[in-house]
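Below: the structure, in structure tokens.
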Amino acid sequence: MAKTLTLNSPPPPDGEAPPRRSLVRYQFTVLLLTFLSYAAFHASRKPPSIVKSVLSAHPPFDGPSGPHRLGELDLAFLSVYSISMFFSGQMADRTDLRKFLSLGMLLSGASTAAFGLGYWFDIRHLSFYVLIQVFSGVVQSVGWPCVVAIVGNWFGKSPQKGAIMGIWNSHTSAGNIIGSVLASSILEFGWGWSFLLPALLITIMGFFVWILLVVHPSDVGFDTPATEIEMDDEENIAGAENLNTNRANGDGEEATLLGIDGVKAEFDSGSGSNSTLAQTEAIGFLDAWRLPGVAPFACCLFFSKLVAYTFLYWLPFYIRHNGVSGQQLSHKAAGILSTIFDIGGVFGGISAGLISDRLSGRAITSILFLFLSIPSLIIYRAYGDISMKHNIVLMFLSGYFVNGPYSLITTAVASDLGTQESIKGNARALATVTAIIDGTGSVGAALGPLLTGYISTRGWNSVFLMLILSISFAILFLIKIAKAEIISKMGEARLTVHV
């Protein structure tokens, strides 16, 4: 009969809080700080999309070529962001994550505020705005590999990782909503102010991260979160108990991110408690690309993020120029209304995480959401302008299905792939794998808004066709993995029946 055994961190010295309560408190603090940090990153990216319709009347973005230049501005940021992401992931695996993340936030605040200077100094040279966007792309790329690696350090292979990451990853949509509200609410005073408030927000958060963030459980005396495992024989139980004893004596090494599979693999191989439980060398870039599942999910995210970022950068512009119920909305109203897409994204990300945990199938869940996003986009384009009610409901559904797989892949999937058994739970591989997946997705994110700037001049039906084709390609890259997940599930079901 299987027995349950708990592997705990060493007991704390007398007078300290119980380990479990302290651990939960630290985990909550880390989740909150990283959530607010990346929400601030996204809030600081939102102003360009909110002020697009205003910039279209401001040189050098006015005239017939205005939409093209606005698209090129998005390209300048997103292309540099995607390239820098690969280097940021490598650096994050080799440096102090707290300092690196804080520096990225402070510099992001400076670059966001610098863009707004174009309003006060009436700067009309395209090169100024392009250079600001290039610098922003570099410093903004610091955020994602850092926050995912930090959360991975604290939660490892939690069986509820999909749900935890789904809720946590709502920071993306929360940041978009905060940025939209801040930028829209003050737009009437001049578009430069729309950049100043988000810049102030991320700067303040950068100081909080510098002061309060704890990067790794070992920094405050924890080896790893307590892990419950089931073992079927007394020999393995004895081996696990020896592991607990060695940890208490300070002889064991940390097993962060190993989880159940890593501990089982250790005992199955006969290595016992004397083996190394966590590698400390950072994984190479090409080696990370070769890890199972990394390339297919990265390519899927390329097209999924292309769609998501097209809405991120062009939705307020689309709403403003297409109107609702035959009426053209103000810049402020269009910006605030666009947050419905992000609200739908919050629920979509959480739902995708919960469903993937329930099914134990990340690819299956991603394909399901991607498939359903196609009719939601078609219906939104066809009927979204009939009335405000139609627009809100259909925009919510579009955000729900579009952002669901995007959220799942960039968090739970990236974390799973960065801590899989083939690299024996190498915690320092997580930031690199995360950077590869999100960096590849960011290449698509750069391409989508650029193409929209050109294609939109021929009509928005062409833009939506591009989005639907992109979703179709995203599905194709996951079919093989989804098939393997289904076969695995069927095998488990047959085994259960026979038992």
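Numbering starts at 1 and runs along the chain as it is shown here.
A Cβ is built for glycine as well, from the same backbone N, Cα and C atoms used for every other residue.
Predicted, not measured: the structure shown is a model, and the values here were computed from it.
Among the features that TrEMBL reports, region 'Disordered' is placed at 1-20.
Among residues of the same chain six or more beyond the transmembrane segment (23-41), those with a C-beta under 8 A of the stretch's C-beta atoms are 9, 17, 101, 105, 108, 140, 143-144, 147, 150-151, 154-155, 164, 168, 170-172, 174-175, 178, 198, 201-202, 205-206, 208-209, 212-214, 217, 220, 222, 225-226. The transmembrane segment annotation in TrEMBL covers 23-41 (among others).
What TrEMBL records for 23-486 is domain 'Major facilitator superfamily (MFS) profile'.
Only residues 6 or more beyond the boundaries of the transmembrane segment (100-121), in the same chain, are considered here, and those with a CB under 8 A from a CB of the stretch are 37, 40-41, 44, 47-48, 88, 91-92, 128-129, 132-133, 135-136, 139-143, 146-147, 150, 190-196, 198-203, 205-207, 209-210, 213. Positions annotated as transmembrane segment by TrEMBL: 100-121 (among others).
Among the features that TrEMBL reports, transmembrane segment is placed at 127-155 (among others).
Long-range contacts of the transmembrane segment (195-215) within the same chain, counting only residues at least 6 positions beyond its ends with a Cβ under 8 Å from a Cβ of the stretch, are 26, 29-30, 33-34, 36-37, 40-41, 43-44, 46-47, 51, 96-99, 101-106, 108-110, 112-113, 115-116, 150, 153, 178-179, 182-183, 186. TrEMBL lists 195-215 (among others) with the feature transmembrane segment.
Look at TrEMBL and you will find 294-315 (among others) tagged as transmembrane segment.
The feature transmembrane segment is assigned by TrEMBL to 336-355 (among others). Through the fold, the transmembrane segment (336-355) approaches residues 49, 162-167, 169-170, 172-174, 176-177, 180-181, 184, 308, 311, 315-316, 319, 324, 329, 365-366, 368-369, 391-392, 395-408, 411-412 of its own chain, all at least 6 residues removed from its boundaries and within a Cβ separation under 8 Å.
Annotation comment: TrEMBL describes 361-380 (among others) as transmembrane segment. For the transmembrane segment (361-380), the residues of the chain that approach it from at least six positions outside its boundaries are 162, 297, 300, 304, 307, 348, 352, 355, 394-395, 397-398, 400-402, 404-405, 408-409, 412-413, 416, 464, 467-468, 471-472, 474-475, 478-479, 481-482, 484-486, 489, judged by C-beta separation under 8 angstroms.
As annotated by TrEMBL, transmembrane segment applies to 392-414 (among others).
Residues or ranges marked as transmembrane segment by TrEMBL: 459-479 (among others). If one looks beyond the transmembrane segment (459-479) by at least 6 residues along the same chain, the residues whose Cβ comes under 8 Å of a Cβ in the stretch are 296-297, 299-304, 306-307, 310, 314, 318, 322, 363, 366-367, 370-371, 373-374, 377-378, 381, 405, 444, 448, 451-452.
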Chain residues in Cβ proximity to the transmembrane segment (392-414) (below 8 Å; excluding those fewer than six residues from its ends, i.e. six or more beyond): 144, 148, 161-162, 165-166, 168-170, 172-173, 293, 297, 300-301, 304-305, 307-308, 311, 337-338, 340-349, 351-353, 356, 362, 365-367, 369-370, 372-373, 376-377, 379-380, 383-384, 430, 433-434, 437-438, 441, 474
